[in-house]
Amino acid sequence: MKDTEIKRLLFAHIVCVFSIILTTIVPPLFLENFSVLGTHLIWLCICSICVTTVNIILYIILKPNPSSKRISLAHKITKFLKCCVFFFISCILFHGIIVLYGAPLIESVLETFLFAVLLSTFTTLHCLCILGPNIQAWIRVFSKNGAMSIWDNSLQITTMCSIVGAWFGAFPIPLDWDRPWQIWPISCSLGATFGYVAGLIIAPLWIYWNRKQLTYKSR
């Protein structure tokens, strides 16, 4: 395994971590009374947009899975539209799953959907940037021993950490502490964000530590 590829992955993850940090630092300079807790829905939108933009730019610059074939403009447009459809479907699916896990069905619909968008941004968007709208590739990556590159391993780790973080974030909601951050879906979205950041930090470190043991099948 080439160390240069690990450095590329580390660079991409550091940029993503800083993009999360900037979503809490920059908006207060332009928006009055902005705070992650007080104006949480605005922060959810800003964070989702910022992470989406950064991931797309990094994909264009780094090209983690370069193709030797020459791709036409029509094919690129079709792929982009498919990615948009996949992302929207992911938001709907996450919204439904979140409701099944106890979120309000009718009340706080906007809050639940924006949380689903954030979760899709941390998971589905990352997969779309690296794997594209290819269901078979997704199944392969998230199956046992299905990773074919360090980028696939990073997807596994960041996706798992984001979902687990969101799940752990739901634990304080029913407690009678009456804290501002217990309002739906603040603790869950913060848990997902911390989980995503943790995954971004853990992934390159884990890959570097196990680089001699990691072997990948040819595509």
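Keep in mind that glycine also has a Cβ here, set from the backbone N, Cα and C atoms.
Features reported for this protein in TrEMBL:
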type: TRANSMEM; residues: 9-29; note: transmembrane segment
type: TRANSMEM; residues: 41-62; note: transmembrane segment
type: TRANSMEM; residues: 83-106; note: transmembrane segment
type: TRANSMEM; residues: 112-132; note: transmembrane segment
type: TRANSMEM; residues: 153-171; note: transmembrane segment
type: TRANSMEM; residues: 183-209; note: transmembrane segment
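Between the transmembrane segment (9-29) and the listed ranges 41-62, 83-106, 112-132, 183-209, the one holding the most Cβ pairs under 8 Å is 41-62. Within the chain carrying the transmembrane segment (183-209), a Cβ under 8 angstroms from the stretch's Cβ atoms is held by residues 6, 9-10, 13-14, 16-17, 20, 36-37, 40, 44, 47, 98, 103-104, 108, 111-112, 114-115, 118-119, 122, 150, 153-154, 157-173, all 6 or more beyond its ends. Tertiary proximity for the transmembrane segment (83-106) is limited to same-chain residues at least six positions away from its ends with a CB under 8 Å from its CB atoms, namely 112-113, 115-117, 119-120, 123-125, 128, 132-133, 170, 184-185.
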